[in-house]
Amino acid sequence: MESVILPCKSIFPTISELPQNYHPKTKVPINFVPNTEQSRFTDTHLDYLCKNGRLSEAITNLESLSQYGYKVKTETFSRLIESCINEKSLYLGRKLHKEMNFLLKKVDPFIETKLLGMYSKCGSLQEAYEMFDKMRKRDLFAWSAMIGACSRDCRWSEVMELFYMMMGDGVVPDSFLFPKILQACANCGDVETGILIHSIAIRCGMISKIFVNNSLLAVYAKCGLLDCAKRIFESMEMRDTVSWNSIIMAYCHKGDIVEAWRLLNLMRLEGIEPDLITWNILIVSYNQLGRCDEALEVMKEMEGNGIMPDVFTWTCLISGMSQHNRNSQALELFREMILNGVTPSEVTLTSTVSACASLKDLRKGRELHSLVVKLGFDGGVIVGNALVDLYSKCGKLEAARLVFDMIPEKDVYSWNSLIGGYCQAGCCGKAYDLFMKMHQFEVSPNVITWNVLITGHMQNGDEDQALDLFWRMEKDGNVERDAASWNALIAGYLHNGQKDKALGIFRKMQSFGFKPNTVTILSILPACANLIGATKVKEIHCCVLRCNLENELSIANSLIDTYSKSGGLQYSKTMFDGMSTKDIISWNTLIAGYVLHGFSSEATKLFHQMEEAGLKPNRGTFSSVISSYGLAKMVEEGKRMFSSMSEEYRIVPGLEHYVAMVNLYGRSGKLEEAIDFIDNMTMEHDISIWGAVLTASRVHGNLNLAIHSGEQLLKLDPGNVVIHQLLLQLYVLRGISEESVTVMRPRKKNHHEEPLSWSWTEINNVVHAFASGQQSNSEVPDSWIKRKEVKMEGSSSCNRLCIKEEENEDITRVHSEKLALSFALINSPQSSRVIRIVKNLRMCEDCHRIAKLVSQKYEREIYIHDSMCLHHFKDGYCSCGNYW
């Protein structure tokens, strides 16, 4: 029978019972076993406990043994450390470490290295560092353990620091450690260290090792040194799947998908089949290039080759769709992923929640929130931030605050999401209070925090507070402004209708040394999309060239649009012709420009060129093309185009298409067909519909239809003083006195007042404003105007209804566009043959006729943009065709 130690209850004599010459001996355990046997038994018993999952009991026994001075073998202690690692028990590992000096005869570097690994693998890198610092001797294994610990935690910069310290201690990495250090080089983009390691590997004779070559290849690939990666790849005697994946990744990083596919096919010819990582590299590359549909096709081909997508594949596709504003497709892909039995990761859920936030789909967002909780990610800061953003954008600020409060370790983005939500809801006071609390929680606001607050205050009309924050961010917040800070002010002023202040900030931004970016240009260009902004458009275009932004497709499209609206259609055409890449927006913008300037044949011709280029028309295309047929009075062609929208292209007509059709009938005088068309409309009639009918009936002299459309307009907008004024004039033409229709007057006092007509023109970079009835001065002589009116030939068409949006002219009152026109003729340089005027109301017929006369008599091109359309007067003709 095996010898055992039986516990017993002993009764010790009291002090008085002991002999006077009694001297206690050294304490020994009952049933003492010789040291060698006891040691053998202890090691065997501890191994038994570890193998049977009784680690806690084994370490408790160790604590008892250490009190009696017993020792265990180094191998036994090592196995106990390994058991702590396997059970991820940092608590037991610490207890074991505490007893190390009592249980081992000699603590060697092997055990210390083992403990270091235990701390790192159990999640305490700090204690691993402490262990490492206390080591008396740090050999290759110790350095490998510490570098491996940092590598597992993705602390790549620390890996680099440890590598240089290691070399300083005279320890050279081996072929197994080199790949970890090279991985850190690749992730840090530290190509110089990669080159250094490459030279060390050559000197140490490790360059023939395939995993060292693969790691070097990955460094050069990720750092963009394609030639170096190619040389490494071609010099390799043996290549495995990792080698091929690295070189394919190198070409994908350069955007050369064609060469990446060639290498994939070559890989197959050499008998190596692409694995899941190979396909994922291609999918990532397509998504980064914005070619999401092709990324989907790659996944289908991957499935066709018998490789099923993993969570990374699905996450990449969902993120790609979400980042390129294809949020509905992102949600559909997520649904497919779940149906395929793939469990989403925290990153997958974050991307999907972000797609819901962009769509403001609260119902699906709540479903995703439930899934987040079910999968145990509800405490994660990344997905928590996405949920805060979701509820904020959906206007559920209480829910957003609850999620925010439940994030245990909030980062600055958590605070930014909630602050942005309060700003978006107009609660800038609460947003500012939250901003002030960040300091209490030792979270420093970053530039995004300041920009969100600036944007919020600007959008809510508090410009002074926004400016105060803008100037304080560097002084008080110690945060440098970026381009987005300036963009927030520019966009805010434009949102509040203050174009001059927006342009002032744009110029100040450049004077402070900040280069405008794409967002800046796209924000500021609409401020110049009018006739008096022609000079400013050129100024901004020059800025685009200086900042090397001319190849940005969105900026090129915006310049085409802005030049067109500012009267520079020839510049729009030049921009379009010079574009290396054109999308549907490019074509639509120039077609719309031709329509705006009355060039119907050029618009339809460009439309056919677009079709020949293989682009399918969209909603915007049809609106412009139908309008171009209206300009040309090609009713049948316009009707066919309208029908083809739904029948051939499956596009449901919108309000803009119905308005274009009413104008198509109206220009050709087919007023009955226009009314029939309106009666059969599938959507509610809008102001723009009846406004088009009023224009048609006014031009063609149909008084009854004009009154009917005017009454419909007044029902839709009863407070509109212009509509009320026009309707009163129509009643007078019918023979109904104004007194008998006073019941139709707007109730508010200010609506009795006449609409004030204003016109603006720009001379020598200065904008001049003129109001109807403005008193004459030396610069604007009324007598000059009267002389020109006397010389006018012709009269208004007898068919037209003579109704005006402003009072008739008399000896003391001249319309604002005539004042602006006379001022421009007198003060503009002789070299300038173009006059540009903007007016807030519709031109009357008299002003229209004098503009035609001046354009012919003085050989000037005159652009006047009123509330109805753009008039381009040249050689006595107007681009509107006398229909406005």
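Positions of Cβ are set from backbone N, Cα and C atoms, glycine also.
What TrEMBL says about a protein is an automatic prediction, not a curated fact.
Mean pLDDT for the repeat 'PPR' (108-138) in the predicted structure: 86. Residues or ranges marked as repeat 'PPR' by TrEMBL: 108-138 (among others).
DSSP assignment over the repeat 'PPR' (139-173) gives 26 helix, 0 strand, 9 coil. The repeat 'PPR' feature in TrEMBL is assigned to 139-173 (among others).
According to TrEMBL, the feature repeat 'PPR' maps to 240-274 (among others). The DSSP breakdown of the repeat 'PPR' (240-274), given as helix, strand and coil counts, is 26 helix, 0 strand, 9 coil.
When Cβ-Cβ distances below 8 Å are used as the criterion, the repeat 'PPR' (275-309) is approached by residues 241, 244-245, 248-249, 252-253, 255, 257, 260-261, 264, 267, 316-317, 319-321, 323-324, 326, 329, 340, 342 of the same chain, each at least six residues removed from its ends. Per TrEMBL, the feature repeat 'PPR' maps to 275-309 (among others).
Look at TrEMBL and you will find 310-344 (among others) tagged as repeat 'PPR'. Here the repeat 'PPR' (310-344) has long-range neighbours at 276, 279-280, 283-284, 286-288, 290, 292, 295-296, 299, 302, 351-352, 354-356, 358-359, 361, 364, 371, 375, meaning same-chain residues at least 6 beyond its ends whose C-beta is under 8 angstroms from one of its own.
What TrEMBL lists as repeat 'PPR' is 411-445 (among others). Same-chain residues lying 6+ beyond the ends of the repeat 'PPR' (411-445) with a Cβ under 8 Å from its Cβ atoms: 381, 384-385, 388-389, 391-393, 395, 397, 400-401, 404, 452-453, 455-457, 459-460, 462, 465, 477, 479.
Sorting the repeat 'PPR' (446-480) by DSSP state (H, G, I as helix; E, B as strand; all else coil) yields 26 helix, 0 strand, 9 coil. Under the heading repeat 'PPR', TrEMBL lists 446-480 (among others).
Residues or ranges marked as repeat 'PPR' in TrEMBL: 482-516 (among others). Here the repeat 'PPR' (482-516) has, by DSSP, the following mix of helix, strand and coil residues: 26 helix, 0 strand, 9 coil.
Residue counts of the repeat 'PPR' (583-617) by helix, strand and coil are 26 helix, 0 strand, 9 coil (DSSP-based). Look at TrEMBL and you will find 583-617 (among others) tagged as repeat 'PPR'.
Residues annotated as domain 'DYW' in TrEMBL: 803-884. The residues of the domain 'DYW' (803-884), classed with DSSP into helix (H, G, I), strand (E, B) and coil, number 25 helix, 20 strand, 37 coil.
Away from its own ends, the repeat 'PPR' (240-274) comes close to residues 210-211, 213-214, 217-218, 220-222, 224, 226, 229-230, 233, 281-282, 284-286, 289, 305, 307 of its chain (Cβ-Cβ under 8 Å, at least six residues beyond either end). Within the chain carrying the repeat 'PPR' (482-516), a Cβ under 8 angstroms from the stretch's Cβ atoms is held by residues 447-448, 450-451, 454-455, 457-459, 461, 463, 466-467, 470, 473, 523-524, 526-528, 536, 540, 543, 547, 549, all 6 or more beyond its ends.
Sequence-distant neighbours of the repeat 'PPR' (583-617) (same chain, 6+ residues past either end, Cβ-Cβ under 8 Å): 553, 556-557, 560-561, 563-565, 569, 572-573, 576, 624-625, 627-629, 631-632, 649, 869-870, 872, 879-881. The repeat 'PPR' (411-445): residue composition by secondary structure is 23 helix, 0 strand, 12 coil, according to DSSP.
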